[in-house]
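Per TrEMBL, S-adenosyl-L-methionine binding site is recorded for Gly113, Val133, Gly134, Asp135, Tyr136, Val137, Leu138. The feature domain 'tRNA methyltransferase TRMD/TRM10-type' is assigned by TrEMBL to 1-224.
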Amino acid sequence: MRIDILSAVPKLLEGPFSHSILKRAIENGVAEVVIHNLRDYAYDKHKKLDDYAFGGGAGMVMLIEPIERCIDKLKAEREYDEVIYMTPDGELFNQKMANQMSVNYKNIIILCGHYKGIDERIREHIVTREISVGDYVLTGGELAAAIVADALIRLIPSVLNDETSALTDSFQDDLLAPPVYTRPADYKGWKVPEILLSGNQKKIDEWREEQAIKRTKERRPDLLD
Ligand code: ADE
(Lines of atoms letter the chains of each structure in order from A and count residues from 1; the text may use other names and numbers.)
(Lines give C-alpha, C1' and ligand atoms only; values in the text may rest on other atoms or scores of the structure.)
Protein backbone atom coordinates (compact mmCIF):
# COMPACT_ATOMS: atom_id res chain seq x y z
CA MET A 1 0.00 0.00 0.00
CA ARG A 2 1.19 3.49 -0.86
CA ILE A 3 -0.12 6.49 1.07
CA ASP A 4 0.61 10.01 -0.18
CA ILE A 5 -0.12 12.63 2.46
CA LEU A 6 -0.51 16.27 1.39
CA SER A 7 0.11 18.85 4.07
CA ALA A 8 0.81 22.53 4.66
CA VAL A 9 2.77 21.55 7.79
CA PRO A 10 4.64 18.38 6.80
CA LYS A 11 6.87 18.55 9.88
CA LEU A 12 3.87 17.42 11.91
CA LEU A 13 4.06 14.09 10.08
CA GLU A 14 7.75 13.37 10.58
CA GLY A 15 7.41 11.48 13.86
CA PRO A 16 4.77 8.79 13.41
CA PHE A 17 6.39 7.01 10.47
CA SER A 18 9.99 7.12 11.73
CA HIS A 19 9.70 4.71 14.64
CA SER A 20 8.77 1.22 15.69
CA ILE A 21 6.30 -0.87 13.68
CA LEU A 22 5.45 1.71 11.01
CA LYS A 23 9.13 2.46 10.40
CA ARG A 24 9.84 -1.26 9.96
CA ALA A 25 6.89 -1.70 7.59
CA ILE A 26 8.19 1.14 5.44
CA GLU A 27 11.78 -0.11 5.52
CA ASN A 28 10.60 -3.59 4.52
CA GLY A 29 8.73 -2.09 1.58
CA VAL A 30 5.27 -3.40 2.52
CA ALA A 31 4.05 0.15 3.02
CA GLU A 32 5.13 3.38 1.42
CA VAL A 33 4.30 6.73 3.00
CA VAL A 34 5.21 9.82 0.99
CA ILE A 35 4.67 13.21 2.58
CA HIS A 36 4.22 16.21 0.28
CA ASN A 37 4.66 19.83 1.27
CA LEU A 38 1.83 21.76 -0.37
CA ARG A 39 3.99 24.88 -0.28
CA ASP A 40 6.12 23.28 -3.02
CA TYR A 41 3.04 23.55 -5.25
CA ALA A 42 2.14 27.14 -4.42
CA TYR A 43 2.00 29.48 -7.39
CA ASP A 44 3.13 32.85 -6.11
CA LYS A 45 6.52 33.87 -4.77
CA HIS A 46 5.22 34.09 -1.21
CA LYS A 47 4.22 30.42 -1.39
CA LYS A 48 0.73 31.37 -0.32
CA LEU A 49 -1.56 28.45 0.48
CA ASP A 50 -4.64 30.24 1.80
CA ASP A 51 -6.76 33.35 1.35
CA TYR A 52 -9.68 35.17 2.95
CA ALA A 53 -13.10 33.53 2.79
CA PHE A 54 -15.58 34.98 0.29
CA GLY A 55 -18.42 36.50 2.28
CA GLY A 56 -16.13 37.41 5.16
CA GLY A 57 -15.80 35.80 8.55
CA ALA A 58 -12.88 34.62 10.63
CA GLY A 59 -10.35 32.12 9.32
CA MET A 60 -8.48 31.56 6.10
CA VAL A 61 -9.42 29.03 3.44
CA MET A 62 -6.92 26.82 1.63
CA LEU A 63 -6.54 27.61 -2.08
CA ILE A 64 -7.58 25.19 -4.83
CA GLU A 65 -4.52 25.51 -7.08
CA PRO A 66 -1.64 24.16 -4.93
CA ILE A 67 -3.74 21.16 -3.88
CA GLU A 68 -4.89 20.41 -7.42
CA ARG A 69 -1.36 20.79 -8.80
CA CYS A 70 0.04 18.31 -6.29
CA ILE A 71 -2.77 15.80 -6.85
CA ASP A 72 -2.54 16.10 -10.65
CA LYS A 73 1.18 15.37 -10.50
CA LEU A 74 0.60 12.26 -8.39
CA LYS A 75 -2.29 11.03 -10.56
CA ALA A 76 -0.06 11.33 -13.63
CA GLU A 77 2.38 8.91 -12.00
CA ARG A 78 -0.03 6.17 -10.82
CA GLU A 79 -3.67 5.35 -10.28
CA TYR A 80 -5.26 6.15 -6.93
CA ASP A 81 -8.16 4.31 -5.31
CA GLU A 82 -9.25 7.34 -3.34
CA VAL A 83 -8.50 10.97 -2.55
CA ILE A 84 -9.35 11.25 1.14
CA TYR A 85 -9.89 14.56 2.93
CA MET A 86 -9.49 14.56 6.71
CA THR A 87 -12.26 16.66 8.22
CA PRO A 88 -14.38 16.63 11.40
CA ASP A 89 -17.55 16.53 9.28
CA GLY A 90 -16.44 13.36 7.46
CA GLU A 91 -17.48 9.73 7.93
CA LEU A 92 -16.47 8.60 11.43
CA PHE A 93 -13.43 6.31 11.18
CA ASN A 94 -13.65 2.87 12.77
CA GLN A 95 -11.99 -0.55 12.66
CA LYS A 96 -14.40 -1.91 10.06
CA MET A 97 -13.45 0.90 7.68
CA ALA A 98 -9.76 0.30 8.42
CA ASN A 99 -10.15 -3.41 7.57
CA GLN A 100 -11.94 -2.68 4.29
CA MET A 101 -9.57 0.08 3.25
CA SER A 102 -6.49 -1.96 4.08
CA VAL A 103 -7.72 -4.85 1.92
CA ASN A 104 -9.13 -2.86 -1.00
CA TYR A 105 -6.82 0.12 -1.44
CA LYS A 106 -3.45 -0.03 -3.14
CA ASN A 107 -2.71 3.69 -3.49
CA ILE A 108 -4.43 6.50 -1.63
CA ILE A 109 -3.98 10.24 -1.27
CA ILE A 110 -4.77 11.82 2.09
CA LEU A 111 -5.30 15.56 2.10
CA CYS A 112 -4.84 17.43 5.38
CA GLY A 113 -6.78 20.64 5.87
CA HIS A 114 -5.70 23.66 7.88
CA TYR A 115 -7.03 27.08 8.81
CA LYS A 116 -10.83 27.17 8.33
CA GLY A 117 -10.73 24.34 5.81
CA ILE A 118 -10.27 23.93 2.07
CA ASP A 119 -12.20 25.58 -0.75
CA GLU A 120 -15.43 23.58 -1.07
CA ARG A 121 -14.81 23.02 -4.79
CA ILE A 122 -11.90 20.69 -3.97
CA ARG A 123 -14.30 18.60 -1.94
CA GLU A 124 -16.85 18.61 -4.75
CA HIS A 125 -14.55 17.87 -7.67
CA ILE A 126 -11.37 16.18 -6.42
CA VAL A 127 -11.96 14.53 -3.04
CA THR A 128 -13.66 11.10 -3.20
CA ARG A 129 -13.99 10.28 0.50
CA GLU A 130 -14.06 12.36 3.68
CA ILE A 131 -13.03 10.93 7.03
CA SER A 132 -13.20 12.17 10.62
CA VAL A 133 -11.30 10.54 13.47
CA GLY A 134 -13.72 11.73 16.12
CA ASP A 135 -16.17 14.37 17.24
CA TYR A 136 -13.60 16.98 18.18
CA VAL A 137 -11.66 19.56 16.19
CA LEU A 138 -7.90 19.35 15.70
CA THR A 139 -5.71 22.22 14.52
CA GLY A 140 -5.22 20.42 11.22
CA GLY A 141 -5.72 17.09 9.48
CA GLU A 142 -2.15 15.83 10.01
CA LEU A 143 -2.65 13.97 13.28
CA ALA A 144 -5.91 12.55 11.92
CA ALA A 145 -4.12 11.40 8.74
CA ALA A 146 -1.44 9.72 10.85
CA ILE A 147 -4.14 7.87 12.79
CA VAL A 148 -5.74 6.54 9.60
CA ALA A 149 -2.39 5.62 8.02
CA ASP A 150 -1.31 3.80 11.21
CA ALA A 151 -4.56 1.84 11.44
CA LEU A 152 -4.30 0.78 7.76
CA ILE A 153 -0.62 -0.11 7.72
CA ARG A 154 -0.73 -2.31 10.83
CA LEU A 155 -3.40 -4.45 9.13
CA ILE A 156 -1.21 -5.26 6.12
CA PRO A 157 -0.24 -8.95 6.37
CA SER A 158 3.33 -9.34 7.70
CA VAL A 159 3.44 -5.92 9.39
CA LEU A 160 2.46 -7.36 12.76
CA ASN A 161 4.05 -10.46 14.23
CA ASP A 162 2.36 -12.98 16.57
CA GLU A 163 2.85 -10.82 19.63
CA THR A 164 1.22 -7.78 18.07
CA SER A 165 -1.32 -9.71 16.03
CA ALA A 166 -4.31 -7.74 14.80
CA LEU A 167 -6.53 -10.80 15.28
CA THR A 168 -6.85 -10.14 19.01
CA ASP A 169 -7.43 -6.37 18.69
CA SER A 170 -10.26 -4.59 20.35
CA PHE A 171 -13.13 -4.10 17.84
CA GLN A 172 -11.99 -6.96 15.60
CA ASP A 173 -15.16 -9.01 16.38
CA ASP A 174 -17.07 -5.96 17.56
CA LEU A 175 -15.72 -6.77 21.02
CA LEU A 176 -13.21 -4.95 23.19
CA ALA A 177 -10.04 -6.87 23.99
CA PRO A 178 -9.86 -8.75 27.34
CA PRO A 179 -7.40 -7.61 30.06
CA VAL A 180 -3.78 -8.79 29.79
CA TYR A 181 -1.13 -9.39 32.46
CA THR A 182 2.59 -10.12 32.63
CA ARG A 183 5.17 -10.94 35.33
CA PRO A 184 5.24 -10.85 38.31
CA ALA A 185 2.17 -12.97 39.02
CA ASP A 186 1.86 -11.23 42.40
CA TYR A 187 2.87 -7.59 42.70
CA LYS A 188 2.46 -6.25 46.26
CA GLY A 189 -0.58 -8.51 46.63
CA TRP A 190 -2.12 -7.47 43.26
CA LYS A 191 -2.66 -10.91 41.81
CA VAL A 192 -3.02 -12.13 38.25
CA PRO A 193 -6.27 -14.12 37.75
CA GLU A 194 -5.52 -17.71 38.73
CA ILE A 195 -6.92 -19.12 35.49
CA LEU A 196 -4.16 -17.47 33.40
CA LEU A 197 -1.53 -19.42 35.34
CA SER A 198 -3.38 -22.74 35.06
CA GLY A 199 -1.86 -23.89 31.77
CA ASN A 200 -5.33 -24.97 30.59
CA GLN A 201 -5.52 -23.20 27.22
CA LYS A 202 -9.17 -24.06 26.59
CA LYS A 203 -10.23 -22.59 29.95
CA ILE A 204 -7.99 -19.53 29.34
CA ASP A 205 -9.58 -18.92 25.94
CA GLU A 206 -13.06 -19.21 27.47
CA TRP A 207 -12.12 -16.79 30.24
CA ARG A 208 -10.77 -14.28 27.73
CA GLU A 209 -13.94 -14.49 25.66
CA GLU A 210 -16.07 -13.94 28.80
CA GLN A 211 -13.95 -10.98 29.83
CA ALA A 212 -14.17 -9.46 26.35
CA ILE A 213 -17.97 -9.69 26.44
CA LYS A 214 -18.14 -8.35 30.01
CA ARG A 215 -15.89 -5.41 29.18
CA THR A 216 -17.83 -4.61 26.02
CA LYS A 217 -21.17 -4.73 27.90
CA GLU A 218 -19.79 -2.41 30.57
CA ARG A 219 -17.94 0.08 28.39
CA ARG A 220 -19.34 -0.06 24.88
CA PRO A 221 -22.78 -1.71 24.87
CA ASP A 222 -23.43 0.02 21.52
CA LEU A 223 -21.00 -2.44 19.88
CA LEU A 224 -23.25 -5.37 20.80
CA ASP A 225 -26.39 -3.91 19.20
N1 ADE B 1 -9.23 17.91 11.13
C2 ADE B 1 -9.54 18.60 12.24
N3 ADE B 1 -10.23 17.85 13.10
C4 ADE B 1 -10.37 16.63 12.52
C5 ADE B 1 -11.00 15.43 12.91
N6 ADE B 1 -11.65 15.30 14.06
N7 ADE B 1 -10.95 14.38 12.05
C8 ADE B 1 -10.33 14.50 10.87
N9 ADE B 1 -9.72 15.61 10.45
C10 ADE B 1 -9.74 16.67 11.26
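Glycine is no exception: its Cβ is also placed from the backbone N, Cα and C atoms.
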Among the binding-site residues Gly113, Gly134, which residue has its Cβ surrounded by the fewest other Cβ atoms within 10 Å? Gly134
Quick one: largest C-alpha distance among Gly113, Val133, Gly134, Asp135, Tyr136, Val137, Leu138, binding S-adenosyl-L-methionine per the record, in angstrom? 16
Just checking, which of Val137, Leu138 (binding-site residues) has the fewest C-beta atoms within 10 Å of its C-beta? Val137
Highest CB neighbour count within 10 A among the binding-site residues Val133, Asp135, Tyr136? Val133
Overall pLDDT of the domain 'tRNA methyltransferase TRMD/TRM10-type' (1-224), taken as the mean: 95
